[in-house]
Each structure stands twice: as structure tokens, then as C-alpha cells.
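**Student:** Marked as active site, proton donor by TrEMBL: GLU211. If you look up TrEMBL, you'll see HIS17, HIS19, HIS208, ASP300 marked as Zn(2+) binding site. Annotation comment: TrEMBL describes HIS19, ASP21, GLY181 as substrate binding site. If you look up TrEMBL, you'll see 12-354 marked as domain 'Adenosine deaminase'. The site 'Important for catalytic activity' annotation in TrEMBL covers HIS232.
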Amino acid sequence: MEPTREQVRAAPKVLLHDHLDGGLRPATVLELAREVGHELPVGPDADAEALGTWFAEAADSGSLVRYLETFDHTVGVMQTAPAITRVARECVEDLAADGVVYAEVRYAPEQHVEQGLTLDEVVAAVQEGFDQGVAAAQANGTPIVVRQLLTAMRHQARSMEIAELAVAWRGRGVAGFDIAGAEAGFPPTRHLDAFEYLQRENSHFTIHAGEAFGLPSIWQAIQWCGADRLGHGVRIADDITVKDDGEVELGLLASYVRDKRIPLEMCPASNVQTGAATSIAEHPIGLLTRLRFRVTVNTDNRLMSRTSMTDEMTALVEAFGYGLPDLRWFTINAMKSAFLPFDERLAIIDGIVKPGYERLISG
Ligand SMILES: O=c1[nH]cnc2c1ncn2[C@H]1C[C@H](O)[C@@H](CO)O1
Ligand SMILES: [Zn+2]
């Protein structure tokens, strides 16, 4: 039996790949833009609905580079500590209201220093907002655990600094590191020194790879840089052949990713917008799930992709006929792959995820 949208919303969900600067409420962008004098691409009379539509349509471009241009209008209004704290608090409130019980939310500190904040002040402002959001969600009866991932922009040259920042903030709300931005032309090995440093420090990191560029990017992320997880990784499907008789053949890299249980942070709606997949129904997540890769389901950018965890999972239910046990599998995959200590992961799996699905399945 396919779950209803309301059941999907009620199910405990785990989110590993969500950008803070890709998840603002349209109304908040409008208000902050007015406060700081940031010029938006919509007319002065546009309301939140119209601005939300602008983001979704502008991002629906078939190109990652054009998709990323829309972030000028979110990053542009996140340049002061109060603005950043507000966005971070609302992010947690929105995720908790959507039934997310654990989230790792990422952003690039280096993009929030235009008006004089230090990198450290940016991380502190986000943490303040996360703490406020967690307290509000707890009071609301929808408890959530949230961690930051610090992203370095792959076309810039600050990855070592950001990696050091992630290590300095370890244990104070930051669980790991990431690189993002335009993929083609900016291979992860450009930042090898940062990844080697993180490994020496026993830190965790994920790398956006195999989204707008193919197998070489995934190969470098894993075999040169040592990524714990892959951001997107959809193009791993290029290394899988499905023959006419249905037999499946995995290339060496695809085998490695599956054998080592390397988590794939899949973001179906975002991939359709950037052209990494033609539709949800044709998204490689179907094949990869069937082949039992370590697949996880994520939102990427809730504003630009007009999505939520409930939307992503509901779309998968509609496209592939998944039931609650499948959604539980994605969720446990994600929780197993989180950058939290093992005992804390287990506590969420056994104490929250499994009983939550059990109630829905038996009820
Ligand atoms: O899907 C993505 N691929 C590559 N980069 C991305 C994606 N979504 C967001 N970003 C970029 C734009 C943001 O400003 C930055 C940090 O969150 O990460
Ligand atoms: Zn992303």
C-alpha cells in the first residue's frame, strides 16, 4: 500500500543534504531585502508567492550554473548576524514541522563576510539560530537534532581555511565539511590539501560530485580526496549497464561505491531542475535503490526547488510505488550515514525512526 502524503509527513525523516542559503522562506527574503536594501529580481509590489515562483522558475533552467545564480538573492540578504540567525532558526522550525528528526544543514561561511563578519562570527550566528530553532521545535512537540556542515566553494581558494574552521567548531554544532558550486572545470582535487588535513584530523566530509559532471568527478572525490559521502552522485549510473534481458553490470567504480556502502545524497527535484535527470520517474534513484546502493533522499534547496522532505518522498512514492518500508530504508540509510557519533546515530534509529515507522505501519 502506498502511503498518503499525510503519512509521509508524519513519518520520521532524516536529511543529510540541505543548503541553508537554499531554504529561506520567500517572505523572509522579501523582509530582509527591504531591511538591508538588497535589490530583488521581482518588482517592488511582488509578494512572497510571486518571489517563490521567481526562484523556482529561474532555477528550473537545465543548467547548474544558472541554478546557482539565484543564490545571489539569498546570500545577499544573509550578511549580518541577526539575518543569518533568523534564517537558521526558521530553517530548523520548517524542517521540524515537516517531520525531519535529524538534519545536517550546509552553507558556505566565506559567502557571508561581505559586510565585515568574520568566518567565526558567521558560524556562531548560524549556531545561535539552530539552538533557537531546536528549542522552539522541542516546545512545539516536534523535537529535532541539527548539525552544521561547512561548505567551501570549489571555484574559490578558501577550502583550507574552511576546513580549519570546521575542525575548530567540532563538537560545538559543526559535524563536517563539504565543497559545492559549479562542478565542471573545478575538480575536487583542487582542494586536496583541505581533504588531507581533515583526514589527519579524523574529520568527516562529503563532496558534491557526479551532478553536473560525470564519473571522473566521483572517482576523484572518493579515490583521491577520501570523501565519506557523495553529494548527489547521480552520475554513478553512467558506470552501470542494464542489458536488454534486464541483467545489470556494474563497472569498477560503481562496484566500489556499492561494496563500500558509500552514501549517495540524492536530491531528485534539484536534479530535474539542473538537468542531471530528465524526470523523477527516470531518475537513477530508482535503479540505485533496486541495486541496494546506500541511497538517501534529500531536498538540496527547498526554496529553489520548491520542495520539502515530504514532497521528495511523496514524489518517489508516486513515481516508483514505494511503501513505508522503503521510506524507512532510506531514512535508516541516512541515519547510518550521518556525521554523528555512532551511539547517537543508533539512539535515533532505535529510539525514534524505527518506532515512528512501526506506529505508522501497524496503525
Ligand atoms: O546542487 C548544488 N550543486 C552545487 N552547488 C550547490 C548546489 N546547491 C547549492 N549549491 C551552492 C550554492 C550555495 O550558495 C552554496 C553553499 O550552500 O552551495
Ligand atoms: Zn547541494
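Any Cβ shown, glycine's included, is placed from N, Cα and C.
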**Student:** Anything from the recorded positions ASP21, GLY181, GLU211, HIS232, ASP300 with its Cβ under 6 A from ligand 2? List those in sequence order.
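**Tutor:** Only ASP300 qualify.
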**Student:** Taking the Cα atoms as reference points, how far is ASP300 (Zn(2+) binding site) from HIS232 (site 'Important for catalytic activity') in Å?
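**Tutor:** On Cα coordinates alone, these residues lie 9 Å apart.
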**Student:** Looking only at HIS19, ASP21, GLY181, which the record lists for substrate, tell me the maximum pairwise CA distance in angstrom.
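**Tutor:** It comes out at 13 Å between the most distant Cα atoms.
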**Student:** Using DSSP and collapsing to three states, where does ASP21 (substrate binding site) fall: helix, strand or coil?
**Tutor:** helix
**Student:** Taking each of the binding-site residues HIS19, HIS208 in turn and counting other Cβ atoms within 10 Å of its Cβ, which one has the fewest?
**Tutor:** HIS19
**Student:** If you count Cβ atoms within 10 Å of the Cβ of ASP300 (Zn(2+) binding site), leaving out that atom itself, what do you get?
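**Tutor:** Within a 10 Å radius of the Cβ of ASP300 (Zn(2+) binding site) lie 29 other Cβ atoms.
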**Student:** Hey, of ASP21, GLY181, HIS232, which of those recorded positions are within 10 Å of HIS208 (Zn(2+) binding site), Cα to Cα?
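**Tutor:** Close recorded positions: GLY181, HIS232.
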**Student:** Does DSSP give GLU211 (active site, proton donor) helix, strand or coil?
**Tutor:** coil
